[in-house]
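To keep things clear, I will list the structure first and then write my remarks on it.
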Amino acid sequence: MGMWEEASDTGMKGKKKDKNEEEEERGKKERMVNLTLEMIYLLTGEHYIPRKKSDDGGALHAPGSVIQKENNKNDKKILELMSNIIQLLTGEVAIRTHHVSIYFSLDEWDYIKGNKELYEEGIKEEPQQLRPQACEYKDESNVTAHMEATLCCNSDGNFINPENPEISPGEQPPPANGIKEEATSSEEGNQSDCSINPLTEEIQGTDTPTPIMGCSLNYSLSDNYISDEIKEEETSCQGRNQSDCSITPLTEQIQGTDTPTPIMGCSLKDNKYDGNPHWSPKNTLRRKYSCNECHEYLIHKRDFGKHQMTHKREKSFSCSECGKCFLNQLCPDRHQTGKKPFSCSKCGKCFAFLSDLTVHRRIHTGERPFSCSECGKGFTRPNALIIHHRTHTGEKPFSCSECGKCFSKQSSLVHHQRTHIGEKPFCCSECDKCFASSSELNIHQRTHTGEKPFSCSECGKCFTNHSHFAHHQMIHTGEKPFCCSKCGKCFASSSDLTFHRRTHTREKTFSCSECGKCFSNHSHLARHQMIHTGEKPFCCSECGKCFSSSSGLTAHQQRTHMKVKPFSCSACGKCFSNRSHLIRHQMIHTGEKPFSCFECRKCFSNPSNLARHQMTHTGEKPFSCSECGKCFASSSDLTFHHRTHTGEKPFSCSECGKCYSKKSSLVHHQRTHTGEKPFSCSKCDKCFASSSELNIHQRTHTGEKAFSCSECGKCFTNRSQLSRHQMIHTGEKPISCPECEECFVSSSQLTAHQQQAHRMVKPFSCLECGKCFSNRSNFARHQMIHTGEKPFSCSECRKGFSNQSSLARHQMTHTGEKPFSCSECGKRFSNQSHLARHQMIHTGEKPFSCSECAKGFSNQSGLARHQMTHTGEKPFACSECGKCFASSSKLTAHQRTH
């Protein structure tokens, strides 16, 4: 369109020259020009005609005549003309309130007329801002003079709908889609004194707002104001009459520059403006204004004032269902109804607001217009860039009033504050489980649907959420970007690093409200609390067995039903159902024990063993048995103990059918069938079926006796020996015979009693002499008589013994130690059995009687020797002369004759 120029009343000749052009430009364009000329005449009293530029690029100007207009009549006429222009361009109806011009489609206007009460309060919300992204122009002389228009009020201060003057615009309801606004302000003078703003409108079928007159502008809605989808532009008029206002190009100072730039009349090419006060393309941002509420920095005073209003605005519109508050009436309506009128043409996904759809489309196009000046990373939203920028600056402007913890995002603070108040507003419709955030609810709902939308391109494994997927991919890449400043150890995720750092500080910020136990991370606390509640939400679809964690369910399914063990050890070929078990196993080969006790510096291969060990220092036993009140350091120990009351033995051997209460006991038993002894001593190369046996054996080389009795100070190489010893002081005999109810200190004593007194089976028989034994240890000890093996030797005299207890008794002859004393006569003995035998002299007790002659004996060996007089058995033969004897002592005495 040619430039607008003033002309006098005598300039009618120009109109005649343009008749040919007007005939060619019929239709909507001609109508818009005529309506605009008429509107300018009503506003200024001057005639304007369109003319082409002169050859030298100058604009022809002719002074026009000025007339006195009647304001009230003209205002109404201007409203009608403006409405006609808008309808010609967009098919929308415009109304004017006290502060904003708002544009509605014809369908929306029908809705407004039927629901005016709902709109009366909603229209009072503060409008949001639509900003131009950038502006470039070569020559200001090439820029057309800009048409500016503002809908004005009548003399009574009321604004009239041109389609229906009887309806006040202030009574209109909100439209079904986004609202476009154009805000004005007047400081001195009346409404008619306001300057004239460029009219912008979003052309239907496009995504970007376009000015009605002037040039084509590229606008982007600032994501800081997307919630209401309101677009605005501010102007002010400093107390002038409307007739004095000149029609000048509306300028906007683009952030990051120092010169005002015309908004209209040029073609915008640079789309790098992102509305982010922290960033400018040339990194020349001047931070003039700082918000005391959220520490946000802004360049312009006008933007600073607007930003502060976001803190002052009340969210007066609340949802009747959940109580959530919103800034305007439109948001709770969409929130309650779930209406999403804006759909993506690519994937069909729907959105409640047009701005959300605009941002979503960038996923398909790959457009990331907002880039970080530090690292170059791109983002689809400017607020995402602002949040990202804080990772470089370390800024965390949002702090919790309860604990003082700081966050870089407002949403993170809100989510954190729910941990203090316990609020979980998002509930699952399937199982009624509630969550603190909608994202957690969405991830949880996938456990019901089984949806795993994130799949790994390397191994095909699928995940329910993107964070797990990203964490998994680092396994393939080996990337560990998060390093500990204390020890230099690196991790794949920041959460793993945070958890690791607590091993240095020993910080345990999460405590159980039931028992007071503290944990270093929230997931461990949640898992622990299920012990108190008994909750096991993860059930196996095959057998119905329930678990407290999804990892437990997965391990169960792989181990029991699928029997899949995809993780194999490269050293020994052993397979495992999950990676953590493989990593723990590999530490056996490497000898790595990264977890050390702060008290005694003892090291462990996994944190659970360390935690269990630390309870030996603190004496803490938080898990108590409901049957007998006995306390335990771990829940697994309590579970094993419960089985002594119930008699449950869920683990059975496939070879012989023998059952066990613990899986480890079954594994140890199965090695008796396979003969496997994977644990070998580095000193003597002796092999053992379990690591505990190896540890006990290694103490014979080191002489270490780590377990000491608090009563008498006696030391033992393993805990079981100490426990058995302590029963001497306490008199406790927890194992009872079901036949005669006699009590014993250990299960081995009970077994021996049952075999002797109740004629139980003795499955282990000696191939040399045919003697039978009830347990393997006694059988192994007996075989040493035939082989002559004596693996335990005295360090003083080098005398050998077939078992460690005999060696211990012998060593007391060198030390002279006799810790057991008789309460009757004070005589002391080197071992408990000798004391017990001696005490029978005082009591006269002879519990062992001969079945042949009923003679009584105080000990079993005396009875055995006596029975040989009835049978005539003489098992001990002299190797020199072949003479036989009933006892080894007599054989020894005889051998001295040779």
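Numbers run from 1 along the shown chain.
Every residue gets a Cβ built from N, Cα and C, even glycine.
Annotation source Swiss-Prot lists compositional bias 'Polar residues' at 186-209.
Per Swiss-Prot, the feature region 'Disordered' maps to 1-30 (among others).
According to Swiss-Prot, the region 'Disordered' annotation covers 160-211 (among others).
Residues annotated as zinc finger in Swiss-Prot, with sequence analysis given as evidence: 342-364 (among others).
Under the heading zinc finger, Swiss-Prot lists 398-420 (among others). Among residues of the same chain six or more beyond the zinc finger (398-420), those with a C-beta under 8 A of the stretch's C-beta atoms are 294, 387, 390-391, 436-437.
Nonlocal intrachain contacts for the zinc finger (426-448), taken as residues 6+ away from its ends with a CB within less than 8 angstroms of a stretch CB, comprise 415, 418-419, 464-465, 537, 550. If you look up Swiss-Prot, you'll see 426-448 (among others) marked as zinc finger, on the strength of sequence analysis.
Within the chain, the zinc finger (454-476) has long-range Cβ neighbours (under 8 A, six or more residues past its boundaries) at 443, 446-447, 492-493. Annotated zinc finger per Swiss-Prot: 454-476 (among others), in sequence order, evidence recorded as sequence analysis.
Positions annotated as zinc finger by Swiss-Prot, on the basis of sequence analysis: 482-504 (among others). Break the zinc finger (482-504) down by DSSP state and the numbers are 11 helix, 4 strand, 8 coil.
Counting same-chain residues at least six beyond the ends of the zinc finger (510-532), those with a Cβ under 8 angstroms from any Cβ of the stretch are 495, 498-499, 502-503, 548-549, 622-623, 635. Annotation comment: Swiss-Prot describes 510-532 (among others) as zinc finger.
Confidence over the zinc finger (538-561), given as mean pLDDT on the 0 to 100 scale, stands at 80. Marked as zinc finger by Swiss-Prot on the basis of sequence analysis: 538-561 (among others).
For 567-589 (among others), the entry in Swiss-Prot reads zinc finger, with the evidence type sequence analysis.
Here Swiss-Prot flags 707-729 (among others) as zinc finger. Helix, strand and coil residue tallies for the zinc finger (707-729), in that order: 11 helix, 4 strand, 8 coil [DSSP].
As annotated by Swiss-Prot, zinc finger applies to 735-758 (among others), with the evidence given as sequence analysis. Residue counts for the zinc finger (735-758) under DSSP, split into helix (H, G, I), strand (E, B) and coil, are 11 helix, 4 strand, 9 coil.
Here Swiss-Prot flags 764-786 (among others) as zinc finger, drawing on sequence analysis.
What Swiss-Prot records for 820-842 (among others) is zinc finger. Packing against the zinc finger (820-842) from elsewhere in the chain are residues 728, 808-809, 812-813, 858-859: each is 6 or more residues past its ends and has a CB under 8 Å from a CB in it.
Residue counts for the zinc finger (510-532) under DSSP, split into helix (H, G, I), strand (E, B) and coil, are 11 helix, 4 strand, 8 coil. Under DSSP, the residues of the zinc finger (764-786) split into helix, strand and coil as follows: 11 helix, 4 strand, 8 coil.
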